[in-house]
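J.: Mind looking over this structure? Questions follow.
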Amino acid sequence: MLPELNLKPRIVTSEEVIIRETSALPVTLQCNLTSSSHTLTYSYWTKNGVELTATRKNASNMEYRINKPRAEDSGEYHCVYHFVSAPKANATIEVKAAPDITGHKRSENKNEGQDAMMYCKSVGYPHPEWIWSKKENGMPMEIVNTSGRFFIINKENYTELSIMNLQITEDPGEYECNATNSIGSASVVTILRVRSHLAPLWPFLGILAEIIILVVIIVVYEKRKRPDEVPDDDEPAGPMKTNSTNNHKDKNLRQRNTN
Amino acid sequence: MARRSEPPDGGWGWMVVLSAFFQSALVFGVLRSFGVFFVEFVAAFEEQAARVSWIASIGIAVQQFGSPVGSALSTKFGPRPVVMAGGILAALGMLLASFATSLTHLYLSIGLLSGSGWALTFTPTLACLSRYFSRRRSLATGLALTGVGLSSFAFAPLFQWLLSHYAWRGALLLVSALSLHLVACGALLRPLFLTEDPAVGGPGAQLASLLHHGPFLRYTVALTLINTGFFIPYVHLVAHLQDLNWDPLPAAFLLSVAAISDLVGRVASGWLGDAVPGPVARLLMLWTTLTGVSLALFPVAQAPTALVALTVAYGFTSGALTPVAFSVLPELVGTGRIYCGLGLLQMVESIGGLLGAPLSGYLRDVTGNYTASFVVAGVFLLAGSGVLITLPHFFCFSAPTLKPQDLVTEALDTKVTLPKEGLGED
């Protein structure tokens, strides 16, 4: 008996698509099962491994239409064909788009010694390379982990930067996560602020000492200039502390007035 | 200890000017630059901006309404201990604020406590200044008040720097230390004993005599009217410029221009007030009328050059009327009653200030633009300057500057005949 020749199914697909922000024209993905020696049972589309709802059909010609393509619609699409007593077959169409960062913290405020966590979420395909940098004088500089306190976790559309044991001298600033793929790149900034409890204490005490010294100088200077003056709690509107000569003068003047 | 019959007009008085300069910087400069903290408070306590701005409003209100208390205490104890105590209170308020856990905490510590401290410092210092000068009173006051404008320039970037380096709690701690310099300023206020002091009596007696003093009451009315219109452009100029489609950067620049011309106006008017003979009230009327006119012209000006010119004019004239406004008072009530007089005056005129801004905001909401607000502000100023005509000796064109002692004798209803001016008897 001659073995049956099994023809591998051939699927013809449409071209890969690049979604640009500028053009919002609808996109149609097409798969055509051109030759197969087995009976087709059903077929459907998947995006990034997940079956898309309401796409299951029994047709060799498959179409998937994206009406208003956006970055979220990008990914790896498969048209999958299932057969009777034969392995399934699929073809891949890549829908690419530049990354767009959809989630991040605008600012992170922590106390000195605590841990900070900053993250960025993106959409876009192919999955981007992530780079974290810190803005020094307005220019992004890549983060150097000399102190060993920086930890970066990169997943497909997600990245996380953790800083352990925050130092108030080096760590505060603007941190930028940058997502780059073959189509384009995007980046956003998170501001890290580190609160310190003790740092202002020294200047505070210094100023306190300065003020005490100032007050002492002022009061001592005054006492030295006029040692016979009474201390400063005098009542200007209280009883007159004049000597008798003054009273004498007043009496004279009063007499003059009544004349 | 000898009592002086005339203010020294110099000497230690210039140290008092220095003290007053730093105090106006530390009180009003801090208040004006506090807006920098508001952004941090909004984020830290997750409150609305309107609720956060109440902190400054409470502080200003307490400072103004508490002025008579500061004045009464200064009359009894002299300005030095009162101002030093006020400095400690103001710094304490900021210190407690750095530990705040809620907005209410800030209302009480900064608004109430620091506000009380400021009430005990500013008014007694200005009154003390008026006692130290007579011939050069306006210039001294003008120079002292430049502290407000200059500190606004310096403190806003300083506070921003403090915030970025120490976060808001640390920054408040250091602002507290800054405010503590008020104590050092207070130490500079050497008490001065003038001949009319014992005759005017204690704070209670002074208050009573002031409330029966016709010119003082009329002056209070005039200043309240002036105050109502005075602050409106400060509050609404930027918004008005936005209505005219100005960009934020040129608008901010215009405010700086106004601040500079305000500074120049203060000093120039101070010098002028002393140089021109006759009652200072006439100069006050001149500046107030000009301010009112420039305000009323604001809605008419559309071209940028006209607006810039008007802003410069408004800045100059409104700055010019401030030192003169403080100089009129000792001429009216005498240097013996200056503490109580100034305190009472500040308290009543603050009502005008509190009403003015909401009123103009309301007018804007009702009419849709700021035309009515500016015109009404101008009207208030002109009305105030009109009341000034009723002050005594207004129309004496060649009369020499009136000695304070003469006015005290006129005003006081006492059986004790006061010693008149030395006449070489000393």
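Quick reminder: no glycine exception, Cβ is built from N, Cα and C everywhere.
What you see is a predicted model, and the numbers here were worked out from it, not measured in a lab.
Annotation comment: TrEMBL describes B:12-31, B:82-100, B:106-127, B:139-160, B:166-189, B:216-237, B:249-268, B:280-300, B:306-326, B:338-359, B:371-395 as transmembrane segment. Here TrEMBL flags B:13-402 as domain 'Major facilitator superfamily (MFS) profile'.
Set these features in their place in the structure for me.
T.: Here the transmembrane segment (B:12-31) has Cβ contacts under 8 Å with residues 56, 59-60, 63, 83, 90, 118, 121-122, 125-126, 128-129, 132-133, 140, 143-148, 150-152, 154-155, 175, 178-179, 181-182, 185-186, 188-190 of the same chain, all six or more residues outside its ends.
Proximity of distant same-chain residues to the transmembrane segment (B:82-100), defined by a Cβ-Cβ separation under 8 Å and at least 6 residues beyond the stretch ends, is recorded for 23, 26-27, 70, 73-74, 106, 109-110, 112-121, 124-125, 169-170, 172-173, 175-177, 179-187, 189.
Long-range contacts of the transmembrane segment (B:139-160) within its own chain (CB-CB distance under 8 A, at least 6 residues past either end) are made by residues 13-14, 16-17, 20-26, 28-30, 32-37, 126, 129-130, 132-133, 171, 175, 256, 259-260, 262-263, 266-271, 273-274, 319, 322-323, 326-327.
Counting only same-chain residues 6+ beyond the ends of the transmembrane segment (B:249-268), those with a CB under 8 A from a CB of the stretch are 139, 142-143, 145-146, 149-150, 152-153, 237-238, 241-242, 307-308, 311-320, 322-323.
Within its own chain, the transmembrane segment (B:338-359) has Cβ neighbours under 8 Å at 60-61, 64-65, 67-72, 74-75, 79, 123-124, 126-127, 130-131, 203, 206-207, 210, 216, 219-220, 223-232, 235-236, 326, 329-330, 332, 373, 376-377, 380, counting only residues six or more beyond its boundaries.
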J.: What else in the chain is close to the transmembrane segment (B:106-127), if you only count residues 6 or more beyond its ends and a Cβ gap under 8 Å?
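T.: Cβ under 8 Å, 6 or more out: 16, 19-20, 23-24, 27-28, 31, 41, 54-67, 69-71, 73-74, 79, 82-83, 85-94, 96-97, 100, 141, 144, 179, 182, 185-186, 189, 326, 338-339, 341-343, 346.
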J.: When you scan the chain for residues with a C-beta under 8 Å from the transmembrane segment (B:216-237), skipping those not six or more beyond its ends, what do you find?
T.: 210, 254-255, 258, 281, 288, 291-292, 295, 298, 311, 314, 318, 321, 325, 328-329, 332-333, 341, 344-345, 348-353, 355-357, 359-361, 364, 370, 373-374, 376-381, 383-385, 387-388, 390-391
J.: I need to check the long-range neighbours of the transmembrane segment (B:280-300): which residues 6 or more away from its ends have a CB within less than 8 Å of a CB in the stretch?
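T.: For the transmembrane segment (B:280-300), the nonlocal Cβ contacts are 138, 219, 226, 229-230, 232-233, 240, 269, 272-273, 307, 310, 313-314, 317-318, 320-321, 324-325, 327-328, 331, 369-371, 374-375, 377-382, 384-385, 388-389, 391, 394.
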J.: Is the transmembrane segment (B:306-326) packed against any residues at least 6 beyond its ends, judged by a Cβ distance under 8 Å, and which are they?
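T.: Sequence-remote neighbours of the transmembrane segment (B:306-326) are 126, 130, 138-139, 141-142, 145, 149, 223, 226, 230, 233, 237, 241, 244, 254, 257-266, 268-270, 272-273, 280, 283-284, 287-288, 290-291, 294-295, 297-298, 342.
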